[in-house]
Amino acid sequence: MYKAAASLVGVFIAFMVISNGILSSHIGNLLSLPVIHLSGLLMVSIILLISGEKKSREKVPFYLNTGGLFGVLLVLFNNYCFDQLGASLTLSLGIIGQTIASMIADSTGFLGMEKYPFKKRKLTGLFFLLAGAVVMTDSWKGDVIPVIMALTAGTFVILSMIINSRLSLLIGTFRGVRRNYLAGLAGSLLVLIILRPSPEPLLNAFNMVHPIFIFGGGFLGVLIVAGSNRILPEIPVIYASILLFAGQAVTGILSDLIVAGTLPLNRLFGVILVLGGLFINMILEKRSSPSVQMV
């Protein structure tokens with residue numbers, strides 16, 4: 001069940017990226033950051049009013065309130081890397097960064113996560129996963145700094161997911177999501193203060209952009225963060241990150257096929273390799289540890 005849910009969250013991510021991309025194309029990457037976080041904050045506040053999720057009195061370490069800040073850094077890093085490296089190389093390096101960060105988190109029990117020691121027999125599945133990332137890349141040309149930033153962006157994905165999931169265990173799923181958006185909003189406003197982009201596109205946003213793209217990304221973001229918060233404590237981090245990616249990739253391929261009428265074979269083959277690697281590791285995990293929950 002949790003693995004299927006992780007794939008569904010990946011589908012949500014793909015649609016969120018499309019929605020946020022349309023918004024940022026009209027008002028710019030920097031100005032879209034606070035808009036996305038404000039819309040998400042509005043959505044999660046409405047959900048909290050309706051659901052009546054009880055307020056927790058648990059003391060929360062400061063670092064568990066930083067998940068949204070890493071989300072802002074992720075957007076800034078990715079935007080820069082897209083310009084310098086192209087989309088396919090940025091995404092592939094991000095997958096590699098996520099994989100490395102996931103293995104470290106699983107093997108160390110980072111921030112109190114359940115430990116899943118790395119075993120050599122998993123190298124076969126890992127090889128398939130990395131091969132899939134390579135196959136999906138159109139070009140491997142890029143300067144060192146953007147390459148490092150793209151890899152780092154992948155680690156930010158995992159770090160933000162883990163921080164938010166640990167926070168939700170203390171204060172509740174949607175209250176954790178709200179804190180994530182509050183931190184992200186604070187971070188995005190700080191970026192605006194430092195970089196001072198022209199506010200003119202933002203003033204015309206409602207005339208230029210359909211409301212579904214103004215609020216859609218925030219709404220989907222709430223579902224994504226809440227879903228990740230529930231999923232991550234139940235399955236290894238690396239499985240969660242791979243399944244999230246698989247959901248995104250399959251949705252992207254179908255989108256290309258339906259909208260553009262093209263089937264990117266390298267991406268299709270890459271996804272098959274990634275899913276093959278995941279399947280191999282799941283089978284090996286089940287054989288070696290019958291008690292491991294495979295839901």
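Note: Cβ is positioned from N, Cα and C throughout, glycine not excepted.
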Of 5-23, 62-80, the range TrEMBL labels transmembrane segment: 62-80
Long-range Cβ neighbours of the transmembrane segment (237-259) (under 8 Å; 6 or more residues past either end): 3, 6-15, 17-18, 95, 98-99, 101-103, 105-106, 113, 116, 129, 136, 157-158, 161-162, 228, 231, 267-268, 270-271, 274-275, 277-278, 281-282
Residues of the parent chain within Cβ reach of the transmembrane segment (146-169), under 8 Å, 6 or more residues beyond its termini: 60, 63-68, 70-71, 73-74, 77-78, 80-81, 84-85, 89-90, 93-102, 105, 110-113, 175-177, 179-180, 225-226, 228-230, 232-233, 237, 240-241
Distal contacts, the transmembrane segment (205-225) - CB-CB under 8 A, six or more residues away: 9, 12-13, 15-16, 19-20, 22-23, 26-27, 31, 35-44, 47, 164, 174, 176-177, 180-181
